[in-house]
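Trainee: As listed in TrEMBL for this protein:
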- Lys152: active site, for sulfotransferase activity (ACT_SITE)
- Lys152, Ser153, Gly154, Thr155, Arg156, Arg233, Ser241, Lys359, Gly360, Arg361, Asn362, His363: 3'-phosphoadenylyl sulfate binding site (BINDING)
- Cys342-Cys354: disulfide bond (DISULFID)
- 143-383: domain 'Sulfotransferase' (DOMAIN)
- 12-35: transmembrane segment (TRANSMEM)
Amino acid sequence: MQHRQLNRTIAIATGLLMCAVYVLYTFHACLLSGLHRSLRQVSGQATNPSPHTNVRVLHQSPSAQPAAGGTTLAPTTQLPHVRILGSLVRIVPLTVEDGATAGKRPPAAPLRLVSPAATNTTDGSPKYRFLRQQGLRPSRHLPDALIIGVKKSGTRALLEFVRLHPDVRAAGCEVHFFDRHYAKGLAWYRHHMPPTIEGQITMEKTPSYFITREAPRRVRHMNPATRLLVVVRDPVTRAISDYTQARSKKRDMKRFEELAFTNGSAGGVVDTSWGPVRIGVYARYLERWLEHFPPAQLLFVSGERLIADPAVEIGRVQDFLGLKRVVNEKHFYFNSTKGFPCLLKSEERSSPHCLGKTKGRNHPHIDGAAIDRLREFYRPFNQKFYHLTGINFGWP
């Protein structure tokens, strides 16, 4: 009796499983058939494409939504639409991939459907992320602009602040191509750049470029139209900051005064062979860059004003790069503990945060006589730098 009931249970379960498989098979068959008929309708309605374009099908809501920055992503010309399973579909031409030669049609790309969630722009995401969700493939390019220096003047802050702009993408770390890895070639350098889409600017920051003798010629060889950004601050303060960073990594380091002067005290001669002191002679390095680039291609950013009023300096940077002024005072707040501006939001994080523990370090006490002696040393070099840049930075 029990054996008969077990057989009956197995038979019922098998029957139900077969019914479920049949229903799923029928549903998928109908779905594929509907897609096939709709795509045939698309190919019949689409206008004749250029021999250099493919067709991609994108899911779009009936009302076009603006992308971040206020620009509308919908095309200016009316493109054919069709409904597939109740969803409105727009036909968008693809641009030719890099490397496609004139007169040759690139390999046909398959038609692709993108989910409705990919068209959501209300979260303020950068335009490149939105378009990537639409199926557009970004590509890597050599940088359009470089932050070439100066070390310990605010280059990291400048990079993070300008990266708030949706049309700026930058390498996350210092690549050191023009000073350490130049022999590896431009293809290697391009590989270290972030992917971008049309209309975006690629940037890279390596402060040591400013003092590297070969860097100006090498950058010009890459692209003579490269835009260069130089962050500078009072060279005395910069030297102390440079020393503070080095001392944080080497606790048994000599006192600042012992390294900055030949006899180890403020009464001696300034030791220009010591890096933190040598870098502050900005005019010497700037003259090399001006041999290869016109002044109009260099923007000098005040490290002091970048801290006191970051929105003003970033406004100048956006103008220099030909960008719409998107980043403004609403993006910043001042952290009184660190004595440094912090971000209310950024590309990676929507919550308020500062740049890092290493920013806004407390400087060690430096003998006042040593500071006065250094200011006296730098004063003629500062005046020459003011003359070369056309800007009086007002350093003591």
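Backbone N, Cα and C atoms are what each Cβ position is placed from, and that goes for glycine too.
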Trainee: Can you tell me the CA-to-CA distance separating Lys152 (active site, for sulfotransferase activity) and Asn362 (3'-phosphoadenylyl sulfate binding site), as a whole number of Å?
Mentor: 14
Trainee: Within the domain 'Sulfotransferase' (143-383) only, compute the mean pLDDT.
Mentor: 93
Trainee: Distance check, please: Cα of Arg156 (3'-phosphoadenylyl sulfate binding site) against Cα of Cys354 (disulfide bond), rounded to an integer number of angstrom.
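Mentor: Cα of Arg156 (3'-phosphoadenylyl sulfate binding site) to Cα of Cys354 (disulfide bond) measures 12 Å after rounding.
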Trainee: Any idea which of the binding-site residues Ser241, Asn362 has the thinnest Cβ neighbourhood at 10 Å?
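Mentor: If we count Cβ atoms within 10 Å for the binding-site residues Ser241, Asn362, the smallest count is at Asn362.
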Trainee: Far apart in sequence but close in space: which same-chain residues, 6 or more away, have a Cβ under 8 Å from Gly154 (3'-phosphoadenylyl sulfate binding site)?
Mentor: Val231, Arg233, Val301, Gly303, Leu306, Ile307
Trainee: Calculate the distance in Å between the alpha carbons (Cα) of Cys342 (disulfide bond) and Asn362 (3'-phosphoadenylyl sulfate binding site), and round it to a whole number.
Mentor: 17
Trainee: Which one of these disulfide-bonded residues has the most other Cβ atoms within 10 Å of its own Cβ: Cys342, Cys354?
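Mentor: Max Cβ neighbours within 10 Å, all protein chains included: Cys342.
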Trainee: Determine, to the nearest whole angstrom, how far the Cα atom of Asn362 (3'-phosphoadenylyl sulfate binding site) is from the Cα atom of Cys354 (disulfide bond).
Mentor: 16
Trainee: Here are the recorded positions: Lys152, Arg156. Which has the lowest count of other Cβ atoms within 10 Å?
Mentor: Arg156
